Amino acid sequence: MLTSIQICGVFFLQYLDKQSLSYAGAFELITDLGLTNSQYSWCSSIFYVGQLISEFPIIYLLSRLHLTKFVGVTIILWGGLCMCLAAPQSFAGFAAVRFLLAIAEGAVSPAFVTITSVWYRKGEHASRTALWISMNGLAQIVGCLLMYGIGKNVAAGVGFYLFMPNGPNEAWFLNARQKHVLSLRMVKDREGGDKTSFSSSQFKETVEDVKARFAFWFGVLVTMQSPVLTFASLVIKGLGYDKFQTLLNTAPSGAVQIAMLWLGILFCTLLPKNRTFVAMALCIPPLIGNVFLMKLTADDGWGMIVAAWISSCITAPWTILLSLTASNVKGNTKRSIVNTAFFIGYCAGCIASPQLWTDRPRYFEGVVTAIVTWCLLFLATLAYRIVCARDNANRERVLNGVEISAGGTEQVDLDRSGAAKGDLTDKEDTNFRYSL
């Protein structure tokens, strides 16, 4: 529980930071800094340029350094840079701080996916991932009402560095028996824990693995609609509301996101072998919301507001797809690469998409882009399910033919830390089955 609380706290602050641009836009940031439409879009995009650049060294660092200590240091740096956002008086200065802030934040999300896969079993990945991603919606609600406290990130980083264990066997709040029980739980999923080594063979395998490429494209497609989170407040403000009414009318979208997310987790629990189908179903509500944003007129005030709320339900399919990434990858180096590939795609989508949201006040080009990419994400998720189901079927045929490699034996030995010995990938472990 303490592990989840720390992750949730940091993710809450991270999303509050990301949404600060939207809130500041409602509070005359554009006027104060003299921003053009294009410059405001670049204030959003430049963040993801920095995060994209940071992901490449992070692939290596996450597999080499003590995971939680490394992330703790980056959170402290990120908190300090957050406080620097108040200083710039021009577009150039503001964009520069946003760029540096993104570099400091780059390790957080990939590391949290790895931590989730180290601490929890495959069947628990969807609910645990949903728990910390729910902080997106909570931050959106709270951020609209409380626009202060960014400096608290520094304290969160110190706490994460000091108190967040790297795995069950380093947990200071567990006794020896509890550590052993948690380790045995993870061994049931043939999980080897976090290791500080980089494998060139796993790097090669990842490059050749089509499922790893899906992780990248999921990241791209699920975030091509993300500008609606930043621009929704401007759409609502464009309907004639003042800045305070805009914030109050934007706040419920966070609650709608949380409700949609946990509805998805409920169906994942009821249909544990059909997470991909749940993700596909969750693409439909925001798709409909964007269609309404395009078709409704400015006179349909509350209709536009509700459409903006529904269009913002991005975190639900994102969570399910991220949990599949956590469940379907084994191997220390391979997992670091695939988790980071998802967020490289995420950054690429977030860089490109704001450039299509420039035609005030309705942003039709951006809305059309969102509609198209929701359809593509639906089809990509279906294709991913087909690939994983095919690989599972091939493994069953091999198993029935008694052609089992050394990595597929039922006995799993433990190392001194209590994790599974060795560092087999999902491809090498023939008893591993992909979650659908």
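Every residue gets a Cβ built from N, Cα and C, even glycine.
What TrEMBL annotates here:
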TRANSMEM  70-91  transmembrane segment
TRANSMEM  97-119  transmembrane segment
TRANSMEM  131-150  transmembrane segment
TRANSMEM  156-176  transmembrane segment
TRANSMEM  214-234  transmembrane segment
TRANSMEM  254-271  transmembrane segment
TRANSMEM  278-296  transmembrane segment
TRANSMEM  302-324  transmembrane segment
TRANSMEM  336-357  transmembrane segment
TRANSMEM  363-387  transmembrane segment
Whether the transmembrane segment (254-271) meets the transmembrane segment (278-296): three or more C-beta pairs under 8 angstroms: yes
Recorded stretches the transmembrane segment (363-387) and the transmembrane segment (278-296) touching, at least 3 CB pairs under 8 Å: yes
Candidates 278-296, 302-324, 336-357; stretch with most C-beta pairs under 8 Å toward the transmembrane segment (97-119): 336-357
Other parts of the chain folded back onto the transmembrane segment (302-324), taken as Cβ under 8 Å at six or more residues beyond its ends: 113, 116, 125-126, 128-130, 133-134, 136-137, 140, 218, 222-223, 225-226, 228-229, 232, 235-236, 239, 249-250, 252-253, 256-257, 260-261, 263-265, 268, 275-276, 278-279, 282-283, 285-286, 288-290, 292-293, 296, 342, 370, 377, 381, 384, 435
Contacting positions for the transmembrane segment (278-296) when only residues 6+ beyond its ends and CB under 8 Å are counted: 225, 228, 235, 260, 264, 267-268, 271, 303-304, 306-314, 316-317, 320-321, 324, 362, 364, 367-368, 370-371, 374-375, 377-378, 381-382
